[in-house]
Amino acid sequence: ATAGPRSFSAAEVRARCAQGACLVSCRGRLYDLSGFVRLHPGGEQLLRRRAGTDVSAALDGPPHRHSANARRWLEQYYVGEIEPGDEQVPPRGRAGTGLGTGYRGTRGAYTVSVRCLRTVDVEKDLVDWQKPLLWQVGYLGEKYDEWVHQPVDRPIRLFHSDFLEFLSKTAWYVVFMVWTPVVLYLSWVSYTSLAQGNTRLFSSFTTEYSIPVHKYYFPFIFLLGMILWSLLEYLIHRFVFHMKPPASNYYLITLHFLLHGQHHKSPFDSSRLVFPPVPASLVIGFFYGVLRLLLPEVLGLSVFVGGLCGYVIYDMMHYYLHYGSPKKGTYLYGLKAYHVKHHFEHQKSGFGISTRFWDYPFRTLIPEETFKKED
């Protein structure tokens, strides 16, 4: 016979908290969020609380509203049940011996007022997680869009080949180490080339009215490249990464999962949060070629290097929004909460990552009221 869920007493919960665990109770069910709490907006704030703080203070007010995906996400960390009689201990106040009082660690147990849903069993999912997923998802058909937007917390393997799998993953610092020297070198080449005074705008159409481009213009051209990248980032994220592939097209579903669906299925897979250098070099090379066709060589290179810098900032920002712990009230804290909302509740809006600017004119901003706490 299969053993039932383990039962935990209030004393055991407090003992685990004293050892540094972060435990959440929900209607008698206990969840261990020790490995995830730092990734949640506000989670780091909880960890900074001093020992002896009651639950209401540890939560910094009433719990905020969670989406259905967030509630499903919680079920992945289920560890057992609270022993009968202990689960009804009031979570607020310093008097008594509630689950949220009397712990001695910087993490603690607290109660979440969300509706507990059935456990998400990835072993009985629509795909076989023991095999590479890339060649499986195309068969999901009309079920794919709903499945890919129900996130799980586990690593994804895409390919059978170890070599291809290696090329599809990378650590965040590799992007910085590979592309930052390229940005610096191409910036120097662009500036020194402009300093020669041979670059003129519209020279291919007319020599009499062509406009000289001086070296002093380089910072502005560089900035223009960064702005153009931010717009391109938004457009790609919205119209390519978030396209809804036809349910009958196996190959478009597979392509969508390869480009971005994998990230929405497993948003905290740290090896898949930035663009690996090998495939990135192909895309970057394509955009460089386009600029070479549209602009004079040095001018196109100056715009390109600004865009490349914008890309590096974007990838670093994206990683930080998933794994960083910005201070509450800062711009990055709000951006992290905004991006988490995009993953868990508003996948069809909130496409800005390094900035929310383009969500305003394109009317894809996540409504502010979704960030308000419930009364």
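A Cβ is built for glycine as well, from the same backbone N, Cα and C atoms used for every other residue.
In TrEMBL this protein carries:
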type: BINDING; residues: His40, His66; note: heme binding site
type: BINDING; residues: His237, His242, His260, His263, His264, His318, His322, His339, His342, His343; note: Zn(2+) binding site
type: DOMAIN; residues: 5-83; note: domain 'Cytochrome b5 heme-binding'
type: TRANSMEM; residues: 171-191; note: transmembrane segment
type: TRANSMEM; residues: 216-236; note: transmembrane segment
type: TRANSMEM; residues: 273-295; note: transmembrane segment
type: TRANSMEM; residues: 301-321; note: transmembrane segment
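The average per-residue pLDDT of the prediction over the domain 'Cytochrome b5 heme-binding' (5-83) is 61, rounded to a whole number. Same-chain residues lying 6 or more positions outside the transmembrane segment (301-321) and placing a CB less than 8 Å from one of its CB atoms are 172, 175-176, 179-180, 182-183, 186-187, 189-190, 193-194, 218, 221-230, 232-233, 270, 273-275, 284, 287-288, 291, 295, 332, 335-336, 339-340, 353-354. Looking only at the binding-site residues His260, His264, His322, His342, the densest Cβ neighbourhood within 10 Å occurs at His342.
Sequence-distant contacts (6 or more apart, same chain, Cβ under 8 Å) of His237 (Zn(2+) binding site) comprise His260, Phe351, Gly352, Ile353.
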